[in-house]
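J.: Could you have a look at this structure, given as structure tokens, before my questions?
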Amino acid sequence: MMELIPQPRTKFLRVQCPECNNEQIVFGSPATVVKCLTCGKVLVEPRGGKGKVKAKILEILG
């Protein structure tokens, strides 16, 4: 059966920085590099679609 209302394929992720253990919510398909707000380490890099996550994923949010 066809979906009447399509759901988005993109998600938000709750990730934990490997350096300082700061938890941060990031977009799974970013257009720019996402850095940790505390220490500045790169958490997610854009890859032309879904981003390359370089941090531990704690939770996938809606």
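Just so it is clear, glycine is given a Cβ too, placed from its N, Cα and C backbone atoms.
Annotations for this protein, taken from Swiss-Prot, read as follows:
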ZN_FING   17-39  zinc finger
BINDING   Cys17, Cys20, Cys36, Cys39  Zn(2+) binding site
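Explain the structural surroundings of these features, please.
T.: Long-range neighbours of the zinc finger (17-39) within the same chain, counting only residues 6 or more positions beyond its ends whose Cβ lies under 8 Å from a Cβ of the stretch, are 10-11, 45-46, 49-51, 53-56, 58, 61.
A sphere of 10 angstroms centred on the C-beta of Cys36 (Zn(2+) binding site) encloses 21 other C-beta atoms.
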J.: Among all chains shown, work out which of the binding-site residues Cys17, Cys20, Cys39 has the most CB atoms within 10 A of its CB.
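T.: Sorting the candidates by Cβ neighbours within 10 Å, the top entry is Cys17.
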